[in-house]
Amino acid sequence: MATTDPAIAAPDDSQLEAGRENIRANVGDALEKPSSSTGTMVDEPTDPNVVDWDGPHDPEHPLNWSKTQKNLHLVIVSLFTLAANLAATMFAPGAEELATEFSITNSTVTAMTVSLYVLGFALGPLLLAPLSELYGRLVIYYGCNFVYVVFTIGCAFSTNVAMFLVFRIICGCAASGPMSIGGGTVADLFPQEERGKAMALFTVGPLLGPSGLIGVATVIFMRETNYMVLLQRKAQRARKETGNDKLVPKLTRNETPKQMLARAIVRPLKLLIFSPIVLLISLYTGILFGLIFLLFTTFPSVFQDVYGFSPGTAGLAYLGLGIGMILGLVLFSVLSDKMLKQKSGAARPEDRLILMKWLGPITPLGLFIYGWTAKYAVHWIVPIIGTFVVGFGSLFVVIPGQIYLVDAFGAEAAASAMAANLLVRSPFGAFLDLTASPLYVSLGLGWGNSVLGFICLLFTPVPWLFYTYGERMRTHFKVDL
């Protein structure tokens, strides 16, 4: 049983009620009040057979765990995400060797070795995120890591390209698990005013692009954080101790497992269809995600062809993008939670968009600098400065966008919201880089990157729109999950 760190304030009644209001604004009353005959929910605090937390200071509640326990879980989940994305980006230099070994002459097939892995990021969350909200986060972490390790070994022993590509997409699906449910874990562990730094650490993995060692750490150190699953276990213990078989956890639905699974699987799709907030934020972050992958895959050819870099020194081209992201991450971590705490009155999820409003629009500026200075072969440091601006600006789109979804939909639906985000975002990462060659051949580096910059500019009003009208839209476009 967890112990409460005295340095951490337990959530009081006002925080819990604020969380309930936040849920009502986004997913209607489905998670708070009795519903129709399709799924009656048991949520009567006066019912002696309803098992709930033992007040706001219950040490079993993940919000009351010690700071060490919370941070350990955060680090493990972040390492999962980092390793999953590094497996995509680190393989790119080896694609040519794979093409030689399997006698692949089609460049598109070679590119698919990376793209199919990233496509798995979109497919996996459709099942994994809903399952985590029904059966808990921990079992998904265990299962995904096992499948990932097995099929990564399978990739190493593949005897033909078809086998390799199938194994790669399965690896991508397994790797997507921590990415889609990690936001839910963060929401389980940290109250809204502390999620900025936590989500920044978790989210940086996909921007930098499960392994066996991390899997061992998961088994040893990680515990379940899903509130519903924890209450189910608490009710199960109480039934065993008291002999009262009528005890049920709070917010239990009278549904069959098949009904629960079907409802959970359609959650991400319902969020995309019925919530303009989820759709537009996912499109915006998806374009930036795909843009990063496009730059990753084209840097070597651009700097070798234009500036005569050797294959060894071409790696320096990544410094601008990487340093921009790291600096942006540090600045965001320092400012995000501090700005939220300084707000007068109750903080809104939309307050996470302040930095996105002002700093996100510099991303197109970086693309213009990079494209036109590379086109005219201006000193190589100038286009790298442009990529620094791209990395810095994109950080203030992707991370605030995902934190906004987590804050807006709460722990109960955060995993589904992140799954919806991945469903839109990952295809951009998988396929946008395939357009780089025809784009640059047709338009050149200047206009080619300018087109990408103009597309980014089209989405710059999104955070302004949601900052002003987001709360009203969350109330108007309720999604019954």
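Each position is counted from 1, following the chain as shown.
Glycine too: its Cβ is placed from the backbone N, Cα and C atoms.
Just one residue in Asn106, Asn254 has N-linked glycosylation site written against it in Swiss-Prot, and it is Asn106.
Looking only at the glycosylation sites Asn64, Asn106, the densest Cβ neighbourhood within 10 Å occurs at Asn64. Of the recorded ranges 276-296, 353-373, 380-400, 439-459, the transmembrane segment (72-92) has the largest number of C-beta contacts under 8 angstroms with 276-296. Relative to the transmembrane segment (439-459), the listed stretch 276-296 leads the set 111-131, 276-296, 380-400 in CB pairs under 8 A.
Long-range contacts of the transmembrane segment (353-373) within the same chain: residues 288, 291, 324, 328, 332, 335-336, 339, 382-383, 385-394, 396-397, 400-401, 404, 445-450, 452-454, 456-457, 460, 463-464, 466-467, 470, each at least 6 residues beyond the stretch ends and with a Cβ under 8 Å from a Cβ of the stretch. Asn106 (N-linked glycosylation site) and Asn64 (N-linked glycosylation site) are 55 Å apart (CA-CA, integer value).
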